[in-house]
Amino acid sequence: MVADVLLTHFNQLFCLNDPGHPLTGQEMKKATIVEDGYIAIKDGLIVALGSGEPDAELVGPQTIMRSYKGKIATPGIIDCHTHLVYGGSREHEFAKKLAGVSYLDILAQGGGILSTVRATRSASFDNLYQKSKRLLDYMLLHGVTTVEAKSGYGLDWETEKRQLDVVAALEKDHPIDLVSTFMAAHAIPEEYKGNPKAYLDVIIKDMLPVVKEENLAEFCDIFCEKNVFTADESRYLLSKAKEMGFKLRIHADEIASIGGVDVAAELSAVSAEHLMMITNDGIAKLIGAGVIGNLLPATTFSLMEDTYAPARKMIDAGMAITLSTDSNPGSCPTANMQFVMQLGCFMLRLTPIEVLNAVTINAAYSVNRQERVGSLTVGKEADIAIFDAPNIDYLFYFFATNLIHQVYKKGQLTVDRGRIL
């Protein structure tokens, strides 16, 4: 077979054999590092991988040849938890955070999520589209090729749908692949204050059926937290969403452990997000139910908290984990997955291989894209992040700097030395 594109002489390729399930426990520690590696691409797919000189049959007169001595390649990075589409920003809350005002106290003062809800409700489709596109551009420039994007800053149908429509438009227009999550249950809107059940009924009866009918989202999510939605309320919504055919995610055990992990396990959610306050019993329940733990260390960093999710304990117990940005205007205003990956080493005490497995193959399972992306595997799409680093460890050792040299998306050179092509 003659390749369209042949990428050769990488110092290292980060490869693994996809076992057909998210990596857990000791599997997280394993990968194949191919020295002097090459990748052959045809019709946007990986058709060959190896070490040394490529087979002669891969090279034809039209084959584009590129050498990458001194560089490493990984699968395109996957950010599987973002709040991509929103209006406004919340830098005015930064001084309060520095003064020690808690996230929940800011929310109680009318700030936090509700502040962004007001800004998002007043924002036009074009405003939201352009703002979200800028964030996606930034992510792409840092090696991200697939992004999960939640609604949740409307808390009314008109605005929630506008957010979902923006995600759908960007999925068509932007090189990054987007996976849509419906999260109208991100907070209790002011007009339903004191009556969350009534709001959930509106979501179930009036919103979810339209989202499903118009194929606006693949997943449904809810914020199960103290002063937001209880475990029973979360179970009520997610069970109805599951009956309608949605895959499930849940924000759980971020600030307090109030039963969100139990809901995730009972309903076989694909992932439970945050988990800073998870208990040993909660870890065991998620393992038993096969729920992926989606950890968001940049949120803990941004909130200046001391309690990070117990990633080391989770992996050693046999749990599958991912790492994501939680990109949002309040608790985590970043879109830099390289920073998140480095926090995975510095703050969660994970190894570079564990982090890379978390943000590639496990993240692909978290967004139900494992058949297409998440590993450098023959037959999968050629989503490739190429770093200006001599080896895998350097990517974490030399921190707080964008080390992306190039990005390939579906076999097309999409980012080249700081420029989107």
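Just so it is clear, glycine is given a Cβ too, placed from its N, Cα and C backbone atoms.
If you check Swiss-Prot, you get these features:
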- His81, His83, His251, Asp326: Zn(2+) binding site (BINDING)
- His81, His83, His251, Asp326: Fe(3+) binding site (BINDING)
- Arg90, Tyr153, His186, Glu254, Ser331: 4-imidazolone-5-propanoate binding site (BINDING)
- Tyr153, Asn328, Gly330: N-formimidoyl-L-glutamate binding site (BINDING)
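Known features from Swiss-Prot, placed on the structure.
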{"residue": "His83", "record": "Zn(2+) binding site", "DSSP class": "coil"}
{"residue": "Arg90", "record": "4-imidazolone-5-propanoate binding site", "DSSP class": "coil"}
{"residue": "Tyr153", "record": "4-imidazolone-5-propanoate binding site", "DSSP class": "coil"}
{"residue": "His186", "record": "4-imidazolone-5-propanoate binding site", "DSSP class": "coil"}
{"residue": "His251", "record": "Zn(2+) binding site", "DSSP class": "strand"}
{"residue": "Asp326", "record": "Zn(2+) binding site", "DSSP class": "coil"}
{"residue": "Ser331", "record": "4-imidazolone-5-propanoate binding site", "DSSP class": "coil"}
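Shown in sequence order, His83, Tyr86, Arg90, Gly112, Ile113, Thr116, Gly152, Pro329, Ser331 are the same-chain residues outside Tyr153, Asn328, Gly330 whose Cβ sits within 8 Å of the Cβ centre of the N-formimidoyl-L-glutamate site.
Of all Cβ atoms in the protein chains displayed, 23 besides its own lie within 10 Å of the Cβ of Ser331 (4-imidazolone-5-propanoate binding site). Recorded residues Tyr153 (4-imidazolone-5-propanoate binding site) and His83 (Zn(2+) binding site) have their alpha carbons 9 Å apart, per Cα-Cα distance. Cα of Gly330 (N-formimidoyl-L-glutamate binding site) to Cα of His83 (Zn(2+) binding site): a span of 10 Å.
Among the binding-site residues Arg90, His251, Glu254, the residue whose Cα lies closest in space to that of Asn328 (N-formimidoyl-L-glutamate binding site) is Arg90.
Summarising the environment of His186 (4-imidazolone-5-propanoate binding site), the number of other Cβ atoms within 10 Å of its Cβ, over all protein chains shown, is 24. Among the binding-site residues listed (His81, His83, His251), His83 has its Cα nearest to the Cα of Ser331 (4-imidazolone-5-propanoate binding site). Taking the C-alpha positions, the distance from Arg90 (4-imidazolone-5-propanoate binding site) to His83 (Zn(2+) binding site) comes to 14 Å.
In the structure as shown, the Cβ atom of Asn328 (N-formimidoyl-L-glutamate binding site) sits within 10 Å of 25 other Cβ atoms. Taking only the Cα positions, the spacing between His81 (Zn(2+) binding site) and His186 (4-imidazolone-5-propanoate binding site) is 13 angstrom. Just so you know, the Cβ of Tyr153 (4-imidazolone-5-propanoate binding site) picks up 31 other Cβ atoms within 10 Å once every protein chain is counted. Considering only the residues assigned to N-formimidoyl-L-glutamate binding, Tyr153, Asn328, Gly330, the longest pairwise Cα distance works out to 12 Å. Sorted by the number of other CB atoms within 10 A, the binding-site residues His83, Arg90, His251 start with Arg90, the lowest. Apart from the site residues His81, His83, His251, Asp326, the chain places the Cβ of Thr82, Lys150, Glu273, His274, Leu296, Thr299, Ser324, Ser327, Asn328, Cys332 no farther than 8 Å from the centroid of the site's Cβ atoms, the recorded Fe(3+) location.
Less than 8 angstroms from the CB of Asp326 (Zn(2+) binding site) sit His81, Thr82, His83, Glu273, His274, Leu296, Ala298, Thr299, Cys332, each of them six or more residues away in the same chain.
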